[in-house]
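*Asks:* Let me give you the structure first, and then I'll get to my questions.
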């Protein structure tokens with residue numbers, strides 16, 4: 001007679017074994033109707049799971065995060081159900097849940113079209129309205145394999161053949177005539193599957209291997225209620241408006257092309273933006289006692305073998321061969337920085353030893369993973385490495401966090417997510433050293449008064465790390481900064497220092513970055529600001545426009561003066577109406593526009609307006625320069641103009 005303990009501590013006794021759904025029905029019909037799955041003694045199970053012994057039970061509904069994931073997974077099966085009805089010869093591969101949605105990879109004799117996607121979505125909507133039961137059957141693996149063979153589902157057969165020999169049975173889920181394989185859980189009935197949208201079509205290699213056949217991927221999203229779905233679709237629409245690839249073209253910042261996949265062609269305006277970010281970071285590092293270095297792009301494989309990268313990372317490295325030697329284009333800077341550190345024996349008095357480089361790295365990312373300037377093969381990092389003693393870790397991490405906050409604030413980011421990743425099962429170094437490092441990182445976060453999340457087991461094999469992620473204007477989270485403790489590489493590459501007692505010791509190395517990839521960070525800035533950069537970052541801070549040719553010479557004098565004084569000014573003397581020019585430069589997000597007519601020439605003044613349409617009136621060029629300087633010094637995203645004449 002099982003006794004079921006519910007989350008509120010109440011108990012219910014049953015005379016016979018019961019399913020999760022039967023417990024929900026015993027509590028009330030409303031809960032039963034909303035039930036998606038259950039959690040028995042901490043383990044997620046299907047609603048049909050039988051409970052024979054005393055247990056703790058939570059009923060999972062669509063209001064629970066796990067419930068939403070189950071709804072999404074079940075919608076992936078519905079994609080399979082609909083596709084097989086509409087395109088019987090299609091073969092289903094895999095259909096997992098992803099962040100805020102799901103996808104299904106499918107093999108079919110021709111490419112799916114947008115019309116096909118609409119037809120599949122329509123069929124899914126028809127299927128869910130029938131409120132059919134989803135039936136789970138645990139099936140011996142040989143029998144399940146034969147069923148997929150009989151149905152011509154070669155990808156499912158391949159998945160079964162890859163299973164561990166200890167696997168005796170698999171879960172088969174039946175959506176009426178459609179059958180799919182999954183460990184589950186899945187919804188008990190399609191009545192809880194209502195709010196969804198198929199989003200797009202894409203290509204994907206089977207098993208993610210470019211040597212395998214290309215499949216077709218159908219992406220979708222699903223939510224517990226209509227409001228959540230609408231909110232998501234609104235966020236997606238807003239994200240598309242802010243897409244850095246579209247804005248990069250519209251604002252003439254950069255482009256990428258097939259002849260150099262994953263590598264950026266920076267245009268003049270984009271390169272000015274890039275340089276503004278780099279020069280700002282360079283000055284910040286100099287102000288915080290980092291020594292900037294420059295290390296080679298191509299290094300003999302011997303160094304990469306010593307560092308461990310050749311064995312663990314070789315497939316992602318670009319390599320070359322010359323004069324019977326193998327080389328790799330560096331995918332990261334750390335081994336080279338240790339070579340700089342090793343030039344001349346260091347004393348404990350030299351530590352902490354802070355080194356920085358705007359290092360150009362190349363990584364052979366899969367072509368399908370490339371995305372504008374957010375995911376590239378060639379990128380530059382604000383890379384830094386700090387060599388410390390074990391006792392210096394916490395202080396250095398605390399100072400790094402302070403610096404990171406200054407930088408993010410200047411770029412307009414104040415919503416930061418902090419995650420501490422701790423020791424994995426496979427690691428180097430003693431537990432005692434890991435204890436010290438993890439304690440140092442956590443205390444640095446605590447001393448800064450930060451709320452942070454621990455990710456057990458997610459640290460690198462060589463040490464724990466803190467990751468810093470930014471939330472942008474529409475709530476998306478971007479991982480940017482990091483600081484990682486490394487016990488391994490200094491030992492592998494022979495880094496040492498002379499301790500206070502005269503003995504040779506190995507320093508701990510802290511890998512750190514604040515913006516990370518400059519390309520990716522600029523992509524984030526573009527999307528977060530929608531291209532309306534704060535004045536200090538704007539590629540063009542002011543544009544000077546004449547009304548007629550009579551003002552051309554005066555405009556040229558103004559442009560030369562502003563550029564000579566360190567501002568980024570542009571001259572527009574085109575024979576166009578002034579309203580047309582203003583509109584064009586407003587769309588180009590230029591912060592300030594100077595309009596010059598005969599009156600301004602006569603009085604040696606300028607008429608100023610902002611990209612938001614605010615008319616600031618007429619002022620001297622000196623006053624305008626003061627206004628610009630004030631905006632640049634404040635580094636605020638908001639144009640708050642205070643004019644003192």
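Note: Cβ is positioned from N, Cα and C throughout, glycine not excepted.
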*Asks:* If Swiss-Prot says 385, 511 bind Zn(2+), which of 48, 182, 334 does it name for the same site?
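*Replies:* So the Zn(2+) site in Swiss-Prot includes 385, 511 plus, from the candidates 48, 182, 334, 334.
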*Asks:* Restricting to the same chain and to sequence separations of six or more, state which residues have a Cβ under 8 Å from that of residue 385 (Zn(2+) binding site).
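*Replies:* Looking at Cβ-Cβ distances below 8 Å from residue 385 (Zn(2+) binding site), excluding near sequence neighbours, one finds 333, 334, 337, 338, 341, 354, 355, 509, 510, 511, 512.
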*Asks:* Starting from the Cβ centroid of 334, 385, 511, which together make up the recorded Zn(2+) site, report each further residue of the same chain whose Cβ lies within 8 Å of that point, ordered by sequence.
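*Replies:* Nearby residues not in the site list: 332, 333, 337, 383, 384, 484, 486, 489, 509, 510, 512.
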*Asks:* Applying a 10 Å Cβ distance cut-off over all chains shown, what neighbour count does residue 334 (Zn(2+) binding site) have?
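*Replies:* Here the count is 21.
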*Asks:* Write out how many residues of the domain 'TGS' (1-61) are helix, how many strand and how many coil, based on DSSP.
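*Replies:* Reading the DSSP string over the domain 'TGS' (1-61) gives 14 helix, 26 strand, 21 coil.
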*Asks:* Helix, strand or coil: which one is residue 334 (Zn(2+) binding site) in, per DSSP?
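*Replies:* Assignment for residue 334 (Zn(2+) binding site) reads helix.
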*Asks:* When DSSP states are folded down to helix, strand and coil, where does residue 385 (Zn(2+) binding site) land?
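*Replies:* Its secondary structure by DSSP: strand.
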